[in-house]
């Protein structure tokens with residue numbers, strides 16, 4: 001689930017040209033904005049007519065089309081030459097034309113760590129309210145037989161749902177129930193660019209059935225039913241549940257073998273919005289991140305936002321600054337952090353010292369075995385360095401037979417494959433030196449464990465001083481209430497937002513390390529055995545935690561807009577761990593809003609946030625105006641005549657729950673408006689933590705409210721005292737408090753000049 005590191009580049013509205021050639025066609029998406037007066041059928045007819053204008057005939061247009069987008073917005077995907085795509089891009093009815101790219105897919109105790117039981121115990125929310133909420137999951141499908149998708153205790157399917165249960169390979173109407181109320185699948189875009197599914201030589205189902213495991217895991221995390229006494233080989237035993245365990249699931253399978261075509265994603269999002277889901281959970285992204293309206297996720301999420309549907313999406317697993325994906329302000333972007341449960345597979349050395357190891361290792365080693373470094377066990381003619389990585393055909397079976405092999409992390413082979421190579425060579429166990437091992441949990445085919453640098457030094461010192469060093473790898477034990485927790489996962493993609501730096505991304509962090517949830521039993525590529533549950537890590541796992549909490553908030557406050565739900569989650573998030581100290585990264589370094597956004601999600605506090613920062617489509621239009629959107633693009637987007645007013649509203653004045661300013665030149669004021677959600681009169685006072693080298697004053701410093709729904713505006717005035725280095729940011733915060741509620745917004749500032 002952890003992707004390779006990549007970087008991106010931005011232009012606002014651009015065009016991707018394919019290589020020349022008269023017969024060279026590629027799969028393009030033609031995005032045309034809001035449906036307006038078109039119904040689905042007339043939109044399809046209009047699409048064909050537009051396409052016929054560049055293909056030369058209506059018949060050729062019909063042959064070229066792959067998808068029509070006609071339920072919640074207008075557009076199509078088709079096989080086009082670069083010249084045809086260019087002609088369409090110049091049409092007055094088109095917002096953007098871009099090539100269909102590939103994206104990638106980015107619990108028991110985690111919900112206890114979040115305190116979800118307090119919500120169900122104290123919120124006094126009728127179960128029926130939660131069961132009326134529909135969570136749409138765009139992913140790799142679902143394993144419907146899992147106990148996590150039991151319909152027990154659920155009433156009839158909500159009447160508002162307009163979706164379908166689409167049959168296919170090993171998936172019948174009987175696989176949908178009162179929990180899985182809809183299931184669709186999309187493969188035409190993937191197969192058009194990657195080839196037929198059959199050509200991959202891997203198990204797949206041409207249906208919503210999941211052969212990967214990823215989609216089953218995310219769906220059960222967001223809204224899985226309660227299942228007691230489950231574990232993985234006896235490890236992490238407990239009760240598995242989704243956050244909104246009574247909510248319904250609508251499944252949209254748009255990913256195959258871990259990859260997802262833009263054209264399929266856009267069709268899935270079009271259907272999800274048209275089907276009437278309440279929340280969309282999307283643990284998928286692409287880096288480099290294309291511009292907002294050349295990106296399927298951004299386009300689909302914008303139209304969901306218009307219809308009052310919150311889209312929660314993973315930030316990505318690319319490790320580095322500037323790699324956060326799904327960064328449009330109308331998407332709730334989720335980073336990954338740890339929970340207070342460790343799964344330790346420790347090492348008992350011959351000198352009686354115990355080294356901490358990490359991994360899912362149910363296999364028992366009856367006695368100690370001799371240790372050997374992979375580099376010392378190189379096969380004839382193999383460089384020692386290659387053997388140190390325990391790569392295929394690099395180990396000498398005579399030297400490793402009956403021994404525990406110490407390997408180094410490899411950029412090509414996964415730890416599962418390395419353990420298999422060691423086992424095939426005759427080794428009885430593997431210890432792998434793996435930086436940030438606590439964030440990466442794997443299963444192995446032989447007794448094996450991962451160790452971090454400090455333990456690696458101790459192991460090397462022991463092996464260097466003992467003539468016959470020996471060790472025993474112990475089975476995994478579950479450690480609860482580990483400290484500190486949460487800490488930020490090393491792999492979690494970070495800000496600043498490469499597209500619009502003043503919109504701080506990610507927005508929030510949630511559990512994404514060592515997450516236990518349902519799994520497809522035929523998904524054995526990342527697991528050595530068939531299992532119904534699995535423990536994995538990634539921002540993919542963090543996203544559905546937030547999706548589940550958002551579903552609860554929607555059931556508690558049905559009238560809340562997507563922005564209101566975002567605000568409630570963000571302004572009540574915590575920035576301290578279970579030791580009471582600020583959240584740190586996995587290496588112990590201090591984390592920032594570019595790691596965790598507004599902080600770690602706090603479900604119970606989000607139910608009663610006190611104040612809300614709300615914004616709607618008209619605010620988003622002003623935001624897009626500030627980035628150079630043309631009147632034609634905005635008209636197609638909204639089907640209304642929109643003129644960007646001069647002077648333009650600065651992008652930092654979008655009424656976002658966090659406050660960011662990029663390239664500040666001298667003094668500057670940022671505007672915000674809050675809406676009171678409470679009972680009776682109250683007074684909120686501002687408390688500011690100044691970013692280093694920047695003085696912040698809030699006017700007015702107090703806000704007086706008399707009744708719920710009342711709005712108050714204020715300004716945050718910045719006075720820079722010194723410049724920041726390059727594009728770096730300094731951080732602070734603004735907290736409004738009335739003695740009961742604390743409504744916190746992170747502040748991030750980049751100062752260009754005084």
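Cβ atoms here come from the backbone N, Cα and C positions, even for glycine.
Curation does not apply to TrEMBL; its annotations are automatic.
The Cβ of residue 139 (active site, charge relay system) lies under 8 Å from the Cβ of 105, 210, 214, 215, 218, 219, 251, 252, 253, 254, 255, 281, 282, 283, 284, each on the same chain and at least six residues away in sequence. Look at TrEMBL and you will find 139 (among others) tagged as active site, charge relay system.
Per TrEMBL, the feature active site, charge relay system maps to 214 (among others). Within 10 Å of the Cβ of residue 214 (active site, charge relay system) there are 27 other Cβ atoms, across all protein chains.
A simple way to gauge crowding: the CB of residue 540 (active site, charge relay system) has 33 other CB atoms within 10 angstroms, across all the protein chains here. Taken from TrEMBL, the feature active site, charge relay system applies to 540 (among others).
Residues annotated as domain 'Inhibitor I9' in TrEMBL: 28-106.
For 131-576, the entry in TrEMBL reads domain 'Peptidase S8/S53'.
Mean pLDDT, taken over the domain 'Subtilisin-like protease fibronectin type-III' (653-749), works out to 95 on the 0 to 100 scale. The domain 'Subtilisin-like protease fibronectin type-III' annotation in TrEMBL covers 653-749.
Among the features that TrEMBL reports, signal peptide is placed at 1-18.
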DSSP-assigned states of the domain 'Inhibitor I9' (28-106) in counts, ordered helix, strand, coil: 31 helix, 26 strand, 22 coil
Residue counts (helix, strand, coil, in that order) that DSSP gives for the domain 'Subtilisin-like protease fibronectin type-III' (653-749): 1 helix, 60 strand, 36 coil
